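Right, one structure below, let's go through it.
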Amino acid sequence: MGLVPITQLLADARKQKYAVGAFNIVNLETLQAVVTAAEAENSPVIVQVWHGDLSHAGLPYLSALARVAAESVSVPVALQLDHGQSYAQAMTCIDAGFSSVMIDLASSDFQENVRRTKEVVQAAHARNVSVEAELGQIFDGQSSIEQRNSGLTDPKLAAKFVRETGVDALAVSIGTAHGLYAAKPVVDFTRLETIINTIQAPVVIHGGSNTPDDDIRRMVQLGVAKVNIGTDLMIAFLQGLRDTLASDDPRLAVRDVLGQAREYTYKVTRQKIQLLNTYRYKVK
């Protein structure tokens, strides 16, 4: 099966009350860990590349690897740009074969966010590519609760934003944050439920790493269709490297080190997928 747009994945997730995991990858091993974990759990999956990581492995390499990975498993796989910063960057990823892009203009004022997001949506849809956008600001995990609360998504504005842009999915701010938390997040579930019941597009949660499992489960029960997870995978990968490199075996090979890191990442990915109710997914 080749790469698919996220619209195909999230429509079923909304209908069947599960969420699709969107996992950030940086190289071959993290990609393999994600798609094989999804296959083991019989779960659709979204492979994401953060905009800042595009230059690490190189866009053409990442796109080609993702296509091969998608064709090697029986579950649906999407490839998405994460937190794209501009129209040009989104189009570069589309040209490279990405099946979905995120355009993050949440720091702009509402009207500019609408105008620039709509430009990406129109160009992407002409190429059968999905678009995710963000409304409200999702801060870093080291931010204060007060700072996070200052950027919470307004449900009425979210509905207006979706209508005016035509986005396929909307990332919202409800108290989660990117990376590791300095303190346990305070999730505004009432706001989240209102948004889910108000807007026409599937709702996306960023900051799935380090968010308590029970909070993730509750989000999915309310109707969240996509959950982003990146930091937890990177922590697992690095721990796998450290544990293997601690060996004083002179025969230790690079493949041993990377293979162990991949295995650690695979296990964490499976654990995260199991939080998302993807047992409800039925093979199409």
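Cβ atoms here come from the backbone N, Cα and C positions, even for glycine.
Around ASP82 (active site, proton donor), a 10 Å sphere centred on its CB holds 25 further CB atoms from the protein chains shown. Under the DSSP three-state reduction, ASP82 (active site, proton donor) is assigned to strand. Marked as active site, proton donor by TrEMBL: ASP82.
The feature Zn(2+) 1 binding site is assigned by TrEMBL to HIS83, HIS178, HIS206. Neighbour density for HIS206 (Zn(2+) 1 binding site): within 10 A of its CB lie 26 other CB atoms from the protein chains shown.
Annotated Zn(2+) 2 binding site per TrEMBL: ASP104, GLU134, in sequence order. Taking a C-beta cut-off of under 8 Å and a sequence gap of six or more, ASP104 (Zn(2+) 2 binding site) has these contacts in its own chain: HIS83, GLY84, GLN85, ALA133, GLU134, ALA171. Taken residue by residue with DSSP, ASP104 (Zn(2+) 2 binding site) is part of neither helix nor strand, so it is coil.
Look at TrEMBL and you will find GLY179, GLY207, GLY208, SER209, ASN228, ILE229, GLY230, THR231 tagged as dihydroxyacetone phosphate binding site. In the three-state DSSP assignment, the secondary structure recorded for THR231 (dihydroxyacetone phosphate binding site) is helix.
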Where GLU134 (Zn(2+) 2 binding site) falls in three-state DSSP terms: strand
Local Cβ density at SER209 (dihydroxyacetone phosphate binding site) - other Cβ atoms counted within 10 Å: 25
Helix, strand or coil at HIS206 (Zn(2+) 1 binding site) [DSSP, three-state]: coil
Cα-Cα distance linking ASP82 (active site, proton donor) and GLY207 (dihydroxyacetone phosphate binding site), given in Å to the nearest integer: 12
Other CB atoms, at most 10 A from the CB of ASN228 (dihydroxyacetone phosphate binding site): 27
